[in-house]
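Residues annotated as ATP binding site in Swiss-Prot: Gln87, Gly105, Glu106, Gly107, Lys108, Thr109, Asp512. According to Swiss-Prot, the feature region 'Disordered' maps to 859-901. What Swiss-Prot lists as Zn(2+) binding site is Cys885, Cys887, Cys896, His897. Here Swiss-Prot flags 891-901 as compositional bias 'Basic residues'.
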Amino acid sequence: MLIKLLTKVFGSRNDRTLRRMRKVVNIINAMEPEMEKLSDEELKGKTAEFRARLEKGEVLENLIPEAFAVVREASKRVFGMRHFDVQLLGGMVLNERCIAEMRTGEGKTLTATLPAYLNALTGKGVHVVTVNDYLAQRDAENNRPLFEFLGLTVGINLPGMPAPAKREAYAADITYGTNNEYGFDYLRDNMAFSPEERVQRKLHYALVDEVDSILIDEARTPLIISGPAEDSSEMYKRVNKIIPHLIRQEKEDSETFQGEGHFSVDEKSRQVNLTERGLVLIEELLVKEGIMDEGESLYSPANIMLMHHVTAALRAHALFTRDVDYIVKDGEVIIVDEHTGRTMQGRRWSDGLHQAVEAKEGVQIQNENQTLASITFQNYFRLYEKLAGMTGTADTEAFEFSSIYKLDTVVVPTNRPMIRKDLPDLVYMTEAEKIQAIIEDIKERTAKGQPVLVGTISIEKSELVSNELTKAGIKHNVLNAKFHANEAAIVAQAGYPAAVTIATNMAGRGTDIVLGGSWQAEVAALENPTAEQIEKIKADWQVRHDAVLEAGGLHIIGTERHESRRIDNQLRGRSGRQGDAGSSRFYLSMEDALMRIFASDRVSGMMRKLGMKPGEAIEHPWVTKAIANAQRKVESRNFDIRKQLLEYDDVANDQRRAIYSQRNELLDVSDVSETINSIREDVFKATIDAYIPPQSLEEMWDIPGLQERLKNDFDLDLPIAEWLDKEPELHEETLRERILAQSIEVYQRKEEVVGAEMMRHFEKGVMLQTLDSLWKEHLAAMDYLRQGIHLRGYAQKDPKQEYKRESFSMFAAMLESLKYEVISTLSKVQVRMPEEVEELEQQRRMEAERLAQMQQLSHQDDDSAAAAALAAQTGERKVGRNDPCPCGSGKKYKQCHGRLQ
């Protein structure tokens, strides 16, 4: 109560921010007559003038009124469009490292031109981030004339572009691209073998469109570049045959419940659990198929890979549904994004799940992957000096934006008041009753010429509604992942009188639904339209537009509530743009996933008490409140998961930044000999210490062991025992110096043969390759550690602290291994003539290119964190702890690569 009173007196923080910014808007408006007097050349010349002022030390913020006034005037001349005052407010919010919540249809694309222009004046580059390639290309092409009129360059960063084209796009003042492509380019740059292979500049200012989709919905899914691991496709096929024999039971076995099935599914956490009966049956079937020996246990260490295959196959059959989670197209399993309903070509689930789904669908099984580099969007976007974003729905997630990204949310007022009617939810007992009610509503609306947009949460549901509409004889368009190419065209015409459009989730985001349909699309369809034709099309459109407004505007139907209120609000936001009339209603049933998992008992009890008849719906504020509470539960759970993921990834992030910064320094220098000399001293000191402990008696020295180690690891054949026999006065310090001097001498002789330049080139190559190889192993080990770290909780230890402690010691061990392997490799190298070295280098480059082509981009969910990490680890674990390490170092496995585990 007190807070409400204070807010009334002083205004909310949002009100105070807008009040302050409105003063600047008044200054910009006052400059308009002055700007109108300028010629095109003078207006364009303002860009050079602003840049000169910045170079002299003027602060960017001081340029806001003039810069915004220049962009507004240029937009009037180039597009015939003048920025509204609320768009100027939005532009200022975006410049202040904030998130601007602007309703659908308020012109976010035009608003973005203001902060993009202002921040491009610094010459450090602006990245405009969109959710898909179509929007990146559309926005870049639409805004290019404006930016080029003002003397700025525009680049587009698309997947599959060659490196020179990407470099050119990044060198532009303003670059448009998707979040995935920016992230993957960052990872690829940090895997480059020469400075010329890198494409990105230093990350300066990111302006993220649909910021909620990118920074929240996709935050749980790291970007991964992976290379192929060993082939185990045959095993997936064999295990896949067994799974259909298992029967699902409703819930997990407990003291009070014993089911008859073989596995249960936890829909909340999307996990599958085998029962005791299921385990016994699986083991029997594996023995029968000849996959496992009689008397063996599936849980024995020898069968850990088999357990991995069984778990993946079980999840593929029980949790992943065709046309909901993925589609099969041209013999390939393609993931469907749960948030947007779009297909994600080239993305693959990890942990063997994708292969298990391929086996289930009977398509060709592709190899498993091993992680080469990965980063989460949360950590990628926090690398920018300045970050801002815009969306139609951010206020519900304001706390998360603030706590994770340190971004405040400012709600920008609409240009015209919103008059859309949001009708209360209707809840039915069954799915069939709900669908029937939706069909009746559509019939009623279209009969009076009102366009209808039906939002569904999966391809399967959109096809179900489509079939029912076809049976009822209602013409309609379907917009889902399967019809991706027609997306913008279908959305543009969804406002046609009596048009019915079915869309999965937020497919078509970024394209406005214009009441009466899009007259621009009709003009674009004509080859050479005359002025008369265009006028006629516009006149016809005006008649249709008025008719649709008269009928009540666009009507939105939600076929079920999404887990997130924000996505429901996005669907509603497609209607009522720029003060247009419109309406919306959600239809629910007790069989919907959200109701079944989170709100069932209370609401179904209420419905039974009311004695509802088939086909009747309940419409009550209590029900709406119960559903909102269910959504809040899911949202807070998802927030906890994202926060947890970030806390763990922050540990890896510190290490990633250290490694990438080291790697970039290496790439930028041509001579690393000083570093090599310093490392050599450290390595030889540590090696000698193992056999001649410092300040020890000669009786404690292991000279034969030292000689053998130097021979095996550094190709140094030194007669140390002879030296000691012939020179009794040779003490420890002198001996150490002599061994190091001998190693340097041998190395210098090699350098004389091949030449200093070639040796420097070779040293750099060895350091980069060794670093990449060890970093890849370290990532797999970190994934493996992460998978089991929660078990430390049972020992009363904090898993996060344990993860930090262990990962740090693993990182330190990796850096030690790096030094050792670099010196060992350089010492063992057999010198050849320069021509031979060049030939070998050429072969290495070809091999690196081949590997790059084989690399696949995969996008993994947080609960499957290690791409084939188990495969990598168990392959290593077959070596005994006390056996010699397979890398050939001569050390025991536990003292060499075994340390990573």
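Cβ from N, Cα, C; glycine included.
What you see is a predicted model, and the numbers here were worked out from it, not measured in a lab.
Cβ packing within 10 Å was compared across the binding-site residues Gln87, Thr109, and the lowest neighbour count falls to Thr109. The highest number of surrounding Cβ atoms within 10 Å, among the binding-site residues Glu106, Asp512, is found at Glu106. Here the binding-site residues are Gly107, Lys108, and the one whose Cβ sees the fewest other Cβ atoms within 10 Å is Gly107. Glu106 (ATP binding site) carries neither a helix nor a strand DSSP state and counts as coil.
DSSP assigns Asp512 (ATP binding site) to coil in the three-state reduction, placing it in neither a helix nor a strand.
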